[in-house]
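Asks: Below you'll find the structure I mean.
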Amino acid sequence: LFLIVCMFVFSRLADLMEQHQEELATIESIDSGAVYTLALKTHIGMSVQTFRYFAGWCDKIQGCTIPINQARPNRNLTFTKKEPIGVCAIVIPWNYPLMMLAWKTAACLAAGNTVVLKPAQVTPLTALKFAELTALAKFPKGVVNILPGSGSLVGQRLSDHPDVRKLGFTGSTEIGKQIMKSCAVSNVKKVSLELGGKSPLIIFNDCDLDKAVRMGMSSVFFNKGENCIAAGRLFIEESIHDTFVERVVNEIKKMKIGDPLDRSTDHGPQNHKAHLDKLVEYCEKGVKERANLVFGGKQVNRPGFFFEPTVFTDVQDHMYIAIEESFGPIMIISKFSNGLRANATEYGLASGVFTRDISKALYVSEKLQAGTVFINTYNKTDVAAPFGGFKQSGFGKDLGQEALNEYLKIKCVTVEY
Ligand code: NAP
Ligand code: MG
């Protein structure tokens, strides 16, 4: 009965979020600068889907029986049980404020835990609205706790806290390392880290070029580049390189930059001032290192934190912009003829390949050191598909069945009869 009640409360929360989707999208758009249409479809839409998906897992968390001690007669029964961890803390960034909350919180609650979540200081509003909706959905008091505040104070306290047994984090690699250390020193709490990325996107000359241009654009400019799986570096095969660049630049010129609440806007303002300043500096470094700035590269000449969709070509492996993540609308292009260095990065979050040759695509996907590989598509995350990085992009998965294990502990029971 308890599990059925859990499912019911979860579904009621998803319904309430859907009923409030326009209000949530408006708040998210104002708070994060995401264009309203995208906020409605992705930021809020996928958050609702995430709660619906994990509602279905509440009563399906199960262990297994394991044959042990093969000697006959076997008088053993060994089985595993999956148990909730207890009090879990979650710390999230500002790029998809509600969606990052949903990805982690839904799995955490479906696994039977309670949660204390710290949203990013610059984008706490939808998390607070969410808290209100959990009360309306009749989550028991104390199960969902939203605790806004700074990372150095609230986030640090949660990592250090002796009663917290699990910390789920999404954010930068730099802070992820600090959190891992604090979790170890305090009480060896379980930790999962979704960190930065510099995802390679490889476009071969035998691709569907129209689609590669369209998806290449969204791989970089989606949510004004504030997207953890944004393609951080595009490798374009030499024979189509110039055409690809020309077509991308033509498309950028058609993009409507402006008020995110205007339904016809394609490209909204960056999340906050410090981030905008970082992007200006990033492009200055690119120019200084003699990458070829083909388009954009500066703040848009209008009030607000708008940054021009930008394209750099002739980017070499050693350059700052080839190595570091921008987290902004900046396309970094390197040409290749034979052999490329898509794995020459410390990150391993996502990757992409465009080619009509499926054997080549599968071969490359096997070689890519990344937690996600998109073939002839990009940004296609789904609530049922596990998401998370390799290397310094962290470890642990959000979404899909795998996400539950991040918030469960496995008990092994052996009976001799
Ligand atoms: P960040 O600086 O690492 O901050 C993330 C969160 O950690 C914020 O809530 C922040 O609080 C908090 N924090 C800061 N110091 C802390 C500490 N000592 N202890 C505990 N928490 C602390 O990241 P960001 O600059 O906000 O976000 C951009 C980064 O996130 C990018 O690198 C991007 O790749 C990554 N990201 C990754 C994914 C993914 O799924 N892999 C998704 C989205 C973003 P404040 O509110 O004080 O900043
Ligand atoms: Mg930060």
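Including glycine, each Cβ sits where the backbone N, Cα and C put it.
Quick paste from TrEMBL:
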- 1-16: signal peptide (SIGNAL)
- 10-413: domain 'Aldehyde dehydrogenase' (DOMAIN)
- Glu194: active site (ACT_SITE)
Asks: Take the signal peptide (1-16) and find every residue of the same chain, 6 or more past its ends, with a Cβ under 8 Å from one of its Cβ atoms.
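Replies: Distant Cβ neighbours of the signal peptide (1-16) are 48, 51-52, 54-56, 58-59, 106, 109-110, 112, 133-134, 136-139.
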Asks: If I restrict to non-local contacts, at least six residues apart, and a C-beta distance under 8 angstroms, what lies near Glu194 (active site) in its own chain?
Replies: Phe169, Thr170, Gly171, Cys228, Phe387, Gly388, Gly389, Ser393, Gly394, Gly396, Asp398
Asks: Return one of helix, strand or coil for Glu194 (active site), based on DSSP.
Replies: strand
